[in-house]
Amino acid sequence: MALRLLRLVPASAPARGLAAGAQRVGRIHTSVHCKLRYGLLAAILGDKTTKKLHEYSRVITVDGNICSGKNKLAKEIAQQLGMKHYPEAGIQYSSTTTGDGRPLDIEFSGSCSLEKFYDDPKSNDGNSYRLQSWLYASRLLQYADALEHLLSTGQGVVLERSIYSDFVFLEAMYNQGYIRKQCVDHYNEIKRLTLPEYLPPHAVIYIDVPVPEVQSRIQKKGDPHEMKVTSAYLQDIENAYKKTFLPKMSEMCEVLVYDSWEAEDPTKVVEDIEYLKYNKGPWLKQDDWTFHYLRMLVQDKTEVLNYTTIPVYLPEITIGAHQGSRIYNSFRELPGRKYAPGYNAEVGDKWIWLK
C-alpha cells in the first residue's frame, strides 16, 4: 500500500535542461522543449524519434559499490559528451522532480529511511525491504525520465546506477539476513513485470573498487550512519555486480570496467566510449513506431509505476486502508499537489482558466 503513494506523481515529469558545460552543443537539440504531451497525432504529423538521434544519443550508466566515485565520473562523461547527467535516484526523487520540488516528509516518501537501514538493517519494522522497494520504484521513474528526455530531444543521458543494477542491493540484503525470502520473491515479480517494457543502456561503466578501499573512503567521508556498513554487505554487493550483473549486461550492451585509479581519468573513459561499436542489444531493432510506443509509456508516469504495486500481502510494505486514506488526503493538501501540474494557483501557476 505504501508504494501506491508513488503513483501520486504527475503523469508527466518534463525533462530538465542540458548538462552544464556541454562541449558538443552543435549536435544537440537546444530549443525550448515544448511541454505539450507527445501522442499519436504528433507521430503521424512527423515527430519522428529517429530524426533526432545521432551518435551521442545514448543511455550510459555508471555503476559501482558505495563510495566508488560514480557521481564524479558520470558528471565528467556527461560534460565531455554533451549529455544530460542524472544523479543517483534517492528516496526523494519523485518529490524533488514534481510539485514545488521540495523534499517531502518521510510519510509521503515510502515511510523508509536510508539512515535507519545503516543503523539497524535488521529492524523488525520492515524498513530494509521498504527502502529497497521504494528505491527500485524511484530508479524506475528516473529511468523513464531519462528515456523520455533522450527520445524527445536526442540528447544522450548518463545515469548513476539504474533499474538493471538495483538488484545487487537486494541480493546483499538477503544474503546478510536483512530481508525475508518473501521480499525477494515480491521484488523479482515486480522486476519481471516492469523491466521488459524498457530498453537497456547502450553502455555500462563499472568502477571496480576493492572492499577495503571502499571502507576507507566511507570512513574518510565521515557519514556516521554509512560508517556502520559491514564489509560482508559491501562484499555481497561486489559479488552481485561481478557474478550476475556484468555478465548479464554484457549480452545486451557494451560494458567497460575500470579500476579506481583508471576511473580518475574521465578523458580516457570518454575516448573508450567513443570507440564502442554498439553492435548488440535491442536498440538495433527499434524503428519510429517502437520508439513511439516507448515514448507513450515513459511520458505517462502513472503507467510507468503501475506494476510496482501488485496484489500481494507483504507486511513490510502494507498499511491499513484508513491510514492510506489519511496519507493520501494529507498529500493532496501539500502545495502544488492538489491538481495536475500547471493548475495549482498556490504555487504560482497562471492562466489556469485558459488551459
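Don't overthink the numbers, they just go from 1 along the chain as shown.
Any Cβ shown, glycine's included, is placed from N, Cα and C.
What Swiss-Prot records for this protein:
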TRANSIT   1-35  transit peptide
MOD_RES   K122  N6-acetyllysine
MOD_RES   K122  N6-succinyllysine
MOD_RES   S250  phosphoserine
MOD_RES   K285  N6-succinyllysine
If H, G and I count as helix, E and B as strand, and all else as coil, what does DSSP give for the residue listed as 'phosphoserine'? coil
In angstrom units, rounded to an integer, how far apart are the Cα atoms of K285 (N6-succinyllysine) and S250 (phosphoserine)? 17
Count the Cβ atoms, other than its own, that fall within 10 Å of the Cβ of the residue listed as 'phosphoserine', considering every protein chain shown. 13
Would you mind reading off the Cα separation of S250 (phosphoserine) from K122 (N6-acetyllysine), to the nearest angstrom? 34
What is the Cβ neighbour count of K285 (N6-succinyllysine) at a 10 Å cut-off, with all protein chains included? 8
Quick check: in three-state DSSP terms, what is K285 (N6-succinyllysine)? helix
Within 10 angstroms of the C-beta of the residue listed as 'N6-acetyllysine', the count of other C-beta atoms across all shown chains comes to 12
When DSSP states are folded down to helix, strand and coil, where does the residue listed as 'N6-acetyllysine' land? coil
